[in-house]
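What TrEMBL annotates here:
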type: BINDING; residues: Gly19, Leu20, Ser21, Asn22, Ser23, Gly24, Lys25, Thr26, Gly62, Asn119, Lys120, Gln121, Asp122; note: GTP binding site
type: BINDING; residues: Thr26, Ser43; note: Mg(2+) binding site
Amino acid sequence: MGNSFTKRRHNRDIILMQGLSNSGKTSMLFKLRFDEELQVVDSLRESIDIHGMTLTFWDLYGREKERPMIRIYYSMTKGFIYVIDSSDGEQLDTALEELVQYILLDEETAGTVVMVLANKQDIPGAMTALEIQEALKEKYNFSSSSASAHTVFVRACSVKTMEGVNEAFEDFAEQLQLRDAGKVRRGLLPLVGDEGDVKDGKHGTFDTKDQKESLARAKVKKFLKNPFCLFKVTE
Ligand SMILES: Nc1nc2c(ncn2[C@@H]2O[C@H](COP(=O)(O)OP(=O)(O)OP(=O)(O)O)[C@@H](O)[C@H]2O)c(=O)[nH]1
Ligand SMILES: [Mg+2]
């Protein structure tokens, strides 16, 4: 029988969706869950089946005053999806500052998977995933010892066109599975496909995966299928 600390750690089963107001959290969750454009609500809690898992997402309001208080849910959280409006260059600094202060530097989030979504890629002039990743690296020292506490990765997407959204959530679920299987990848993971390419001012497409990534996936699938493998609890 575990003590209350152990119990609390093992009870982590929600995914928090965070990000500044207007970044696209609710529309994203609504479209994933109901395949419709959102018009009416600004916060949702929904369970979605992804990659053979049922994940419960809590999309919380992006209102400024409430954002620091979201940490009361951190002890129940196993992953974060941090949504950024890539078309809003003026707010990027604030968005990344909050990601660092409220999530990455909070000890309660250690061991979680953090996906940063560079949303609204359909808007001309939107910052690329690479640009956002570089800006994040300037804010947060990923080679510090505390940086290895998380699995962090950046993906580009557009809720409007749904480009990159399903793929990003699949990747997220896969990282959670890896974590649960004791095969945790720590620190900042590389971008996939040609997300990093910015040629002639154009953004890359979001759906190509590079060979290394698919090799890694194949290995994980093999590992997960092994009936003799013991699933290690990593927290
Ligand atoms: N062009 C474009 N607009 C988007 C995209 N994603 C969301 N939007 C729009 O951005 C606005 C804000 O979206 P919401 O989903 O309400 O944003 P939110 O992050 O939930 O905001 P709060 O509830 O205030 O925290 C809406 O008008 C959406 O239609 C996108 O990928 N492209
Ligand atoms: Mg909302």
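Along the chain as shown, the residues are counted starting at 1.
Including glycine, each Cβ sits where the backbone N, Cα and C put it.
Curation plays no part in TrEMBL annotations; they are all automatic predictions.
Feature annotations (TrEMBL) mapped to structure.
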residue: Ser43; record: Mg(2+) binding site; contacts (Cβ under 8 Å, 6+ apart): Thr26, Asp59, Leu60, Tyr61
residue: Lys120; record: GTP binding site; contacts (Cβ under 8 Å, 6+ apart): Gly24, Asp85, Ser86, Ser87, Asp88, Ala126, Ser158, Val159, Lys160
residue: Asp122; record: GTP binding site; contacts (Cβ under 8 Å, 6+ apart): Ser158, Lys160, Thr161, Glu163
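Summarising the environment of Gly19 (GTP binding site), the number of other Cβ atoms within 10 Å of its Cβ, over all protein chains shown, is 25. Taken in sequence order, the binding-site residues Ser21, Ser23, Lys25 that lie near ligand 2, meaning a CB under 6 Å from one of its atoms, are Lys25.
Of all Cβ atoms in the shown protein chains, 14 besides its own fall within 10 Å of the Cβ of Ser21 (GTP binding site). The highest number of surrounding Cβ atoms within 10 Å, among the binding-site residues Ser23, Lys25, Thr26, is found at Lys25.
Following the DSSP three-state reduction, the secondary structure of Ser23 (GTP binding site) is coil.
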